[in-house]
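Scroll down for the structure; my scribbles are underneath it.
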Amino acid sequence: MLKTKSYAKINLHLEVISKRDDGFHDIITLMSKINLYDEIIFAKAEDFIINSNIDIKDNIMKKAYDLVKELRDIKGLSIELKKNIPMGAGLAGGSSNAYETVRALDELYDLSLTKEEYFDILLKLGSDCNFFTAKSAAICTGRGEKIKEVEGLKKYKVLLVNPGINISSKDVYEGMSFGGDYLSSEAIEDLIKKDDFKRFKNNMQDFVFAKYIAVKKLFDEMSALGGFKTMMSGSGSSVFSLFENEEELQKAYYLMKNRYQFVIKTHLI
Ligand SMILES: C[C@@](CO)(OP(=O)(O)O)[C@H](O)COP(=O)(O)OP(=O)(O)OC[C@H]1O[C@@H](n2ccc(N)nc2=O)[C@H](O)[C@@H]1O
Ligand SMILES: Nc1ncnc2c1ncn2[C@@H]1O[C@H](COP(=O)(O)OP(=O)(O)O)[C@@H](O)[C@H]1O
């Protein structure tokens, strides 16, 4: 049996650069895990069985299991999943669950999957999945699968709010505009060293704010709460603010708690 925490991520910076021939987009993003996680218990079993506190159609964990089974001779897997991460929320809960499934199978069945095998399986599962092999934060390029771990990012406090809107990443990639200058990986590393978040941005925001007024409203409300940086995570719909001061975070938390259902105080990992 294996009990794991499947962490969520937020994008502290995200720029879509260009559309590729394979239909995906080249991006550059700085992602960090946050202390919000789904709780999962994995165990070897005769068949594949999944019990979840929320009904999930086409659970990506089954796809992860199938991909490992194509590679190695394994029996079944039982999964008890307690979802705490909102879905379609820009927090990559699905990608994180998929990574944990591959890791659990590797451990439970003693598969000794190579780095390359992990990479290939995770890329088939989604562009964001390989990020979860990182300890805490990474600059991700390509489709998002090429990761460079970064250190020295302060473990800021985070106020995270989800307005309960499920946004498809595909729709955002397809509808948004992009092009022009973007921060290089070196520039991002330099800004992290200087602890300077001013130039970090998410260029998906304009499109999402125009299409989902409720997300724009949430962003405006959060921007007025005293955090030193407010951004939408990924393709939305979650919005977060970063804080240094516990009292200010607490005040902001109570204000938002009265207005939205999913409001949490957390921190960067
Ligand atoms: C936008 C981001 C930013 O971190 O996060 P979320 O908002 O989903 O959390 C990610 O790029 C989401 O990555 P992920 O959710 O793994 O995407 P995938 O499953 O690989 O792809 C879903 C769809 O998004 C589009 N897509 C995704 C990644 C990418 N670099 N270019 C794309 O064009 C494609 O249309 C693809 O069919
Ligand atoms: N285990 C899972 N957890 C979350 N979502 C899942 C899972 N399996 C399949 N999905 C599907 O993937 C979609 C995107 O998932 P998620 O990673 O939570 O969002 P996002 O890509 O916005 O970060 C969900 O809307 C859901 O339909």
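Every residue, even glycine, has its Cβ placed from backbone N, Cα and C.
Automatic prediction, not curation, is the source of TrEMBL annotations.
Quantities reported herein were computed from a predicted structural model and do not represent experimental measurements.
Annotation comment: TrEMBL describes Lys9 (among others) as active site. For Lys9 (active site), the same-chain residues lying six or more positions away in sequence with a CB closer than 8 A to its CB are Met31, Ser32, Lys33, Ile34, Leu91, Ala92, Ser96, Asp128, Phe131, Phe132, Ser233, Gly234. DSSP classifies Lys9 (active site) as strand under the three-state reduction.
As annotated by TrEMBL, domain 'GHMP kinase N-terminal' applies to 59-127.
According to its DSSP assignment, Ala92 (ATP binding site) is coil. The ATP binding site feature in TrEMBL is assigned to Pro86, Met87, Gly88, Ala89, Gly90, Leu91, Ala92, Gly93, Gly94, Ser95, Ser96.
Under the heading active site, TrEMBL lists Asp128 (among others).
TrEMBL lists 191-254 with the feature domain 'GHMP kinase C-terminal'.
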Distance-selected binding-site residues near ligand 2 (C-beta under 6 Å), from Pro86, Gly94, Ser96: Gly94
Greatest C-beta neighbour count within 10 angstroms, which of the binding-site residues Pro86, Gly88, Gly90: Gly90
Proximal but sequence-remote residues of the same chain as Gly94 (ATP binding site) (Cβ under 8 Å, at least 6 apart): Ile60, Met87, Gly126
Candidates near ligand 1 among the recorded positions Lys9, Gly88, Gly90, Ala92, Gly94, judged by a Cβ under 6 angstroms: Gly90, Ala92
